[in-house]
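**Q** Just passing along the structure, written as structure tokens.
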Amino acid sequence: MKVYYDKDADLSLIKGKQVTIVGYGSQGHAHAQNLRDSGVNVTVGLRKSGASWAKAEGAGLKVAEVAEAVRAADVVMILLPDENIPDVYKNDVEPNIKQGGVLAFAHGFNVHYNQVIPRADLDVIMVAPKGPGHTVRSEYLKGGGVPSLIAVYQDKSGKARDIALSYAAANGGTKGGVIETNFREETETDLFGEQAVLCGGAVELVKMGFETLTEAGYAPEMAYFECLHELKLIVDLMYEGGIANMNYSISNNAEYGEYVTGTEVINEQSRVAMRNALKRIQTGEYAKMFIQEGKTNYPSMTARRRLNSVHPIEVVGEQLRDMMPWIKANKLVDQSKN
Ligand code: NDP
Ligand code: MG
Ligand code: MG
């Protein structure tokens with residue numbers, strides 16, 4: 001697979017265009033400031049009523065209402081919560097984006113699942129950093145960048161790919177490395193990873209380990225350290241050098257136990273569950289569930305968040321992290337999700 005770096009991108013392409021970033025949240029604040037610092041002409045499109053307006057202005061960026069910001073742009077990058085994108089696209093973007101303009105996303109969800117049907121005259125691209133927005137910004141400030149994906153959905157101008165690569169470069173992506181994918185692959189692998197492994201899988205693994213220890217009478221503080229706190233150390237080792245690097249660093253006892261118990265806990269039944277999850281994503285069934293959830297004001301997410309917040313692992317974790325202020329310092333406070 002080819003990886004693109006700075007030398008493969010023509011930064012002047014994006015520098016020659018008016019770029020509007022719609023949204024100033026996790027990704028939006030990072031893209032807007034990175035592009036601006038790379039010498040790109042950036043306007044942030046927002047609603048006046050929201051909290052982001054003052055933040056973007058405070059960072060010295062040009063801010064305008066979405067429709068107005070879109071009208072002035074050659075390239076419009078949509079960085080809103082995925083659930084809000086279809087309405088904003090229909091009402092503010094589609095009627096205002098110039099003929100032959102470039103429409104960009106950081107996730108393929110809405111286009112792949114037909115929630116946004118881009119106008120036929122547009123180039124449609126994706127530039128998706130493989131990391132949270134605050135890392136996209138902090139790596140850029142260090143002179144680096146978060147590895148990113150690019151994809152082309154619609155190529156009216158014949159230059160869509162070059163523009164995507166140029167945008168990725170201005171955002172720092174070509175410092176970390178850029179690979180090309182397509183909207184379907186990005187959407188399906190992203191959803192699968194977060195559901196089965198990163199968020200769904202990891203959270204339930206941690207909770208079940210904690211519950212097993214505490215129901216057997218062990219102290220919740222001990223269970224918290226062994227099942228949640230230490231996970232970071234293990235993940236860091238895998239992140240830095242793969243599974244072998246992690247196994248090299250842990251004790252022989254821990255490694256042997258890994259072989260004895262790992263495949264018993266994550267077993268063939270888990271594989272079936274993972275395959276089911278992937279099917280649900282591929283058929284669009286999951287997308288339909290999520291869209292419905294949003295349209296009905298998040299009934300099951302609200303209930304689950306409430307249940308999670310009173311789970312003993314969260315209660316004891318809050319107390320223990322109070323004793324470790326250096327950890328708490330990194331907490332992303334009140335990132336309310338909707
Ligand atoms: P956020 O939830 O952080 O976006 C919030 C921003 O959207 C705020 O500035 C908010 O402004 C604005 N906003 C919300 N609704 C509207 C509206 N109706 N009109 C105008 N502005 C609005 O989004 P993310 O950064 O998490 O995600 C953006 C995109 O990037 C998504 O497609 C996501 O899948 C993708 N992505 C996200 C990653 C991440 O790490 N979060 C990683 C890679 C891709 P206000 O203050 O007015 O509410
Ligand atoms: Mg995702
Ligand atoms: Mg231990």
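Including glycine, each Cβ sits where the backbone N, Cα and C put it.
What TrEMBL says about a protein is an automatic prediction, not a curated fact.
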**Q** Which single residue out of Gly101, Gly108, Gly131, Gly133 does TrEMBL record at the NADP(+) site shared with Tyr24, Gly25, Ser26, Gln27, Arg47, Ser52?
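**A** The one candidate that TrEMBL places in that NADP(+) site: Gly133.
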**Q** Just to be sure I understand, if DSSP states are collapsed into helix, strand and coil, how many residues of the domain 'KARI C-terminal knotted' (182-327) fall in each?
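**A** Reading the DSSP string over the domain 'KARI C-terminal knotted' (182-327) gives 126 helix, 0 strand, 20 coil.
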**Q** Determine the Cβ neighbour count for Ser251 (substrate binding site): the number of other Cβ atoms within 10 Å of its Cβ.
**A** 9
**Q** Could you tell me the C-alpha distance between Glu194 (Mg(2+) 1 binding site) and Ser251 (substrate binding site) in angstrom, no decimals?
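**A** It is 29 Å, counting Cα to Cα.
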**Q** For the NADP(+) binding site, please report the maximum Cα-Cα distance among Tyr24, Gly25, Ser26, Gln27, Arg47, Ser52, Gly133 in Å.
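**A** Across Tyr24, Gly25, Ser26, Gln27, Arg47, Ser52, Gly133, the two farthest Cα atoms sit 20 Å apart.
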**Q** Taking the Cβ of Gln27 (NADP(+) binding site) as centre, how many other Cβ atoms lie within 10 Å?
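**A** For Gln27 (NADP(+) binding site), the 10 Å Cβ neighbour count is 26.
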**Q** For Gln27 (NADP(+) binding site) and Asp190 (Mg(2+) 2 binding site), determine the Cα separation and express it in whole Å.
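**A** One finds 16 Å between the Cα atoms of these residues.
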**Q** Of Tyr24, Gly25, Glu194, Glu226, the binding-site residues listed, which put a C-beta under 6 Å from ligand 2? Please answer none if none do.
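**A** Near the molecule: Glu194.
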